[in-house]
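*Asks:* The structure's right below; bear with me while I get my questions together.
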């Protein structure tokens, strides 16, 4: 009976579709600027070091802001936080277009990092709250697909537009994408109230002897019993233990292994994103480099269609094996690449590697942490992206300058054994059941 009920649970609702749209516009606006920001800062007078600082400022700012954003995502309305992040994005992109020197551009980049932290954590948490737990893998898989598509289309669009119309108009296009994100956010009906507020309402009803009118997830119900017990102790004058600070207030500790594994897939991807043009130029390859990302986008879209609900039925280990082979074959194709056909194969294998792992790890992070901690789960997951986006280009720069160009992608293959070492050490934490026990989804009432 439970299986039949779960089968009927709707995956794509109006609100879910709008959040996926907001996610696409948010990530596309971000990725549009990533491959051109260093060149733009150079055109404003920045030297090589400053160009690197400007490029890395967004992800470094985001990394430090994520713990705050994650806590806010678990305690405040997702609509308010997403709107604030989207508005910051609009301001940052307009600032990019109007920047007069490299210092102004750096400040805009830092502001952009704050918006990136707010939007990335908030949108993914909001999405997780609206999904039935039995469809969490499929739903977060779709969310990850929108991210992957934007990460493929954004850079190609940024490179093409900057060559056609210049840097400043290109960033105004980024601002327009951010405005579309704002529109999607304000049209979502569910305000994304945190589960903690639902829990408090549940507690008040229990204390008043009323029958709660809304079911809660099992983890929240357990926490609710603890709240009621603590209040009862306080009412009788008995001491209640004050909460102590721990690392879980900054990141979800159980999700760190997943974030580290995904970081190992992100490092080669972002190193390739930053240096593919220079790599092809240095090797005098007659290929259309700008087509790599559209190839990848088409492949990840087709994978999403064919795999459908595999995210809810297959184990993490199953996907780790596939994604490892995908990443290694991508790097191998890029190493031996001599024509557009091999580059096409590299784009397809990127979808099997980084593209799939992006969806799988995000869904697994939410399952490991539980819905009530989905904000901190996504904070930790995105910290892996931040580190990959920062370390990838930095490592790529070291390799590009320090080793023969033909060894560039070969050395990046070393990330895969590291990912497997992390899995071997933490596999018990990572391999949580897809549907632990009876499924008790939070009801979402649309106004």
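Quick reminder: no glycine exception, Cβ is built from N, Cα and C everywhere.
Automatic, uncurated: that is what TrEMBL annotation is.
The annotation domain 'Major facilitator superfamily (MFS) profile' is assigned in TrEMBL to 14-431. TrEMBL lists 16-37, 49-68, 80-98, 110-133, 140-159, 171-188, 251-271, 283-303, 315-337, 343-369, 381-401, 407-426 with the feature transmembrane segment.
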*Asks:* Can we call the transmembrane segment (110-133) and the transmembrane segment (315-337) in contact, meaning three or more C-beta pairs below 8 angstroms at a sequence separation of 6+?
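*Replies:* In this chain the transmembrane segment (110-133) does not contact the transmembrane segment (315-337) - fewer than 3 Cβ pairs sit under 8 Å.
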*Asks:* Hey, which of 16-37, 251-271, 283-303, 315-337 has the most Cβ-Cβ pairs under 8 Å against the transmembrane segment (80-98)?
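*Replies:* That would be 16-37.
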*Asks:* Check the transmembrane segment (171-188) against each of 16-37, 251-271, 283-303, 315-337, 407-426 and return whichever range has the most CB pairs under 8 Å.
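*Replies:* Maximum Cβ contact count belongs to 16-37.
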*Asks:* What parts of the chain pack near the transmembrane segment (140-159), using Cβ distances under 8 Å and only residues at least 6 beyond its ends?
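*Replies:* Cβ under 8 Å, 6 or more out: 11-12, 19-21, 23-36, 124, 127-128, 131, 170, 173-174, 273, 277, 290-291, 293-294, 296-297, 300-301, 304, 307, 311, 351, 354-355, 358-360, 362-363, 366.
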*Asks:* For the transmembrane segment (16-37), which partner among 49-68, 251-271, 315-337, 343-369 gives the most CB pairs under 8 Å?
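*Replies:* That would be 49-68.
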*Asks:* Have the transmembrane segment (381-401) and the transmembrane segment (315-337) got at least three CB pairs under 8 Å, pairs 6 or more apart in sequence?
*Replies:* no
